[in-house]
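Some notes on the structure that comes next.
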Amino acid sequence: MSYQTEASEVSRNEGKYMAMIICWLLGNGSLVAWNSMLTIEDYYSNLFPRYHPTRVLTLVYQPFALGTLAILAYNEAKLNTRKRNLIGYTLFFLSSLLLIVLDVATSGKGGIGVFIGICAISGAFGVADAHVQGGMVGDLFLMCPEFNQSFLAGLAASGALTSALRLITKAAFENSQDGLRKGAMMFFAISAFFELLCVLLYAFIFPKVPIVKYYRLKAASEGSTTVSADLAAAGIQKQRHQGVEEDPKLLERLTNKQLLLQNIDYALDLYLIYVLTLSIFPGFLSEDTGSHSLGSWYALVLIAMYNAWDLIGRYLPLLKWLKLTSRKGLMVAILSRFLLIPAFYFTAKYGDQGWMIMLTSYLGVSNGYLTVCVLTAAPKGYKGPEQNALGNLLVLFLLAGIFSGVALDWLWLIGKGW
């Protein structure tokens with residue numbers, strides 16, 4: 001029996017909503033650990049006041065994420081996607097535990113040694129992110145757009161949920177002794193639990209959902225070899241060469257260079273979206289927005305507003321009349337966002353907190369909306385192996401944009417005299 005025949009026997013729609021929920025949870029798990037580290041910026045700023053922790057941790061995280069993903073994207077066709085994603089989620093889980101162990105071992109004290117340890121864990125988060133985001137987006141490119149949208153919404157939900165939880169813990173522990181530390185420890189414990197949940201979901205439940213099996217069988221019938229381990233986990237054992245003997249053309253696919261040239265506008269779209277966003281969020285919002293009546297709550301409120309509207313923006317494309325599909329339209333919308341740079345600068349200098357909250361909300365909603373529009377439009381018209389490779393390439397450009405945005409934020413910090 002061929003993959004094609006077996007795929008036809010599996011229901012195309014059975015378990016669709018269950019798969020969407022799992023994709024949402026897996027997306028949440030892809031960033032919940034990192035967002036937890038960012039959201040407790042008030043704790044780290046108090047612990048390491050001279051080291052600009054929000055900016056430094058982001059700067060450490062991004063080269064590890066970008067460098068690892070570049071290697072993985074180059075070797076994408078040879079990789080076991082199941083093993084790659086499980087390594088990523090397991091590394092997130094272990095690194096979250098290490099943050100708790102480090103804090104307990106040092107009794108919540110600062111110092112350069114502790115800061116270096118936290119930076120090392122931040123780098124581990126970057127490596128885990130490269131495994132998971134590239135692996136999951138590439139894997140979901142093989143399936144229906146709703147799965148990718150759910151995964152991307154989960155990414156944003158991790159930020160919104162951690163921000164909401166941070167506001168609650170800050171209010172609960174604000175007047176208690178060692179309140180910041182208690183809130184931070186709660187964050188790390190929740191993060192570790194959620195990452196373990198993602199390991200279990202991806203390892204034992206997601207591969208067995210009927211619609212997921214259908215799309216992976218379909219990809220295998222088109223020559224994809226990266227899904228074989230996931231099919232085996234679902235109880236479908238096949239020889240890698242079986243379909244190839246029936247049709248040697250299954251091994252033929254566009255090269256990464258050809259895929260990139262055909263989708264260079266989508267790649268640039270993602271790069272430009274994130275180079276702008278990360279040049280403002282979180283560093284500028286955490287340290288350069290002045291003093292206002294909200295006091296120590298101000299940076300937390302701005303980060304929470306960004307995350308909440310980023311989440312909302314990722315659901316807007318579900319309304320078909322709101323979804324932007326024109327390639328030229330996407331580029332125009334993305335380039336117009338660069339007007340936010342002078343808007344943020346002058347608002348921080350002359351405006352009040354209401355205007356800053358409004359701008360931050362627009363930054364979030366446009367980031368989420370445009371990300372989903374690009375990543376749900378890009379994989380159309382390609383067969384399985386090409387879709388997986390394209391997903392990895394686009395996430396590589398996304399992370400390159402994040403890294404460039406962080407670098408620009410540092411140049412701004414150096415330019416104003418540290």
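Backbone N, Cα and C define each Cβ position, glycine as well.
The transmembrane segment annotation in TrEMBL covers 17-36, 56-74, 86-105, 111-130, 151-173, 185-206, 266-285, 297-317, 329-348, 354-378, 390-413.
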Under 8 Å between C-beta atoms and at least six residues away from its ends: which parts of the chain pack against the transmembrane segment (354-378)? 137, 141, 145, 148-149, 152-153, 156, 263, 266, 269-270, 273-274, 277, 280-281, 285, 289, 301-302, 305-314, 316-317, 323-325, 327, 330, 333-334, 337, 340, 343-344, 347-348, 390, 394, 398
Are there residues at least six beyond either end of the transmembrane segment (151-173) with Cβ under 8 Å to its Cβ atoms? List them, or say none. 23-32, 35-36, 38-40, 42, 133, 136-137, 140, 179-180, 182-183, 186-187, 190, 297, 300-301, 303-304, 306-308, 310-311, 313-315, 368, 371-372, 375
Top partner of the transmembrane segment (266-285) among 56-74, 86-105, 185-206 - counted as Cβ pairs under 8 Å: 56-74
Could you tell me whether the transmembrane segment (86-105) and the transmembrane segment (111-130) are in contact, taking contact to mean 3+ Cβ pairs under 8 Å with a sequence separation of 6 or more? yes
Should the transmembrane segment (56-74) and the transmembrane segment (329-348) be scored as in contact, given a threshold of at least 3 Cβ pairs under 8 Å and pairs 6 or more apart? no
Using a Cβ cut-off of under 8 Å, list the residues of the same chain at least 6 residues beyond the transmembrane segment (185-206) that approach it. 19, 22, 25-26, 28-30, 32-33, 36, 39-40, 85-86, 89-90, 92-93, 96-97, 99-100, 103, 162, 165-166, 169, 212, 233
